[in-house]
């Protein structure tokens, strides 16, 4: 490892650019994309249900993250397992912009699960798993992957587990809970008949396309914003090393302290030109995620059209999203040619993953579990092959990289990546099975057959979202109608 102390996702003593507020707002805009995508893939009889549950999830997630989630994630570590300080956040764990930015990540994780369960899940199930995810499952995973004192980051002094912006923390966590939930709630009526899959097309493909582009926009805040977090951490680490050198009487300490101050000033202004004239890590992130999404979308569209004889817009949109997910754990640590490889792998994973869902009769209306769990996991694992050592050292302080760059440390990184993926998958799967199984046993997981066939809007929300096109009489729901 280099002499610079290791950087982590959030250092309470670091000075972060105010750009994090803007980047957090851009990440929050992912919710517009998620809702638009889910509405488009859903049928018109369930639109109000989709809109309501996603809005309520946002409100609940904010309260849970303020009360306990942020503290469990970034509070003082207890045995490297969980944070135990800073509950009911009031600035004790850093500036509020750090809370805001990390909250948008938690919110994205919860929303992934919501899409997997659409159109047949009881409304009461959503707040239950939202509270569990935002208050316990996701925060513990964040602590493991991104807290300086966690057990996962403390295993090796030569290398560390790498997850740039949430391949495991967001996408494996959300995708695994969504997969378990979709399997336990069962398929929508008519999705699988006599052992064969039947398409249940959504009502508005334009919402799917628009939602996909909104998501792509929001993803720039997700990944590029994370670069500013790493830059702030490294500036704090350099300042810490300079202070230690001064205390020890190092003759070069003044020079090193001046350099650290320059780094800190550069980060505060939202630039990093002191370290990389004319370029910042955020530039590399934007390039890599754009390449990965573009290659994935075009590859899957081409392969799908050759196989089916039609050019499917939904395949293009979903494979593009698969590329964005694939880039999330890696885009700050890899070169542009590696991003192209990531895009090709993302297309293959998307096409193979969706076929596996059908084979096992798992009904995921948005194919979210295949996209997020599959691509998030493999994207994290491929860092053991393709992470460039200079980029890893630049952003984390550890001089290690992937196997293609040679050296013994690539094997260490491979072991760390496998361990991290396995631990986070097992943790999420355990609590996912627990919560959805209990909901099913209590009869609170799925709506009854009449409600599902008539539409959740008609039976639970006072009437349809498009009343002028409604063909189902409704006289239940709000007494004010």
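Backbone N, Cα and C atoms are what each Cβ position is placed from, and that goes for glycine too.
Fair warning: this is a prediction, and the values are worked out from it, not measured in the lab.
Note on TrEMBL: of 205-222, 223-240, 241-258, the range annotated with the feature transmembrane segment is 205-222. The stretch that TrEMBL tags with transmembrane segment, taken from the ranges 164-185, 450-471, is 164-185.
When TrEMBL is compared with the stretches 266-284, 285-303, the one noted as transmembrane segment is 285-303. Within the same chain, residues 105, 108-117, 120-121, 129, 133, 137-138, 141-142, 145-146, 222-223, 226, 230, 285, 325, 328-333, 360, 362-364, 368-377, 379-380, 395, 420-421, 424-425, 428-429, 431-433, 436-437, 440, 445-446 sit at least 6 positions outside the transmembrane segment (164-185) and bring their C-beta atoms closer than 8 Å to a C-beta of that stretch. Under 8 Å from some Cβ of the transmembrane segment (370-391) lie the Cβ atoms of residues 112, 162-163, 166-168, 170-172, 174-176, 178-179, 281, 284, 318, 321-323, 325-330, 332-335, 338, 341-342, 345-346, 349-350, 352-354, 356-357, 364, 399-405, 407, 409-410, 413-414, 416-418, 420-421, 425, all in the same chain and six or more residues away from its ends. Taking every listed stretch (51-72, 205-222, 285-303) in turn, the largest tally of C-beta pairs under 8 A with the transmembrane segment (20-39) is reached by 205-222.
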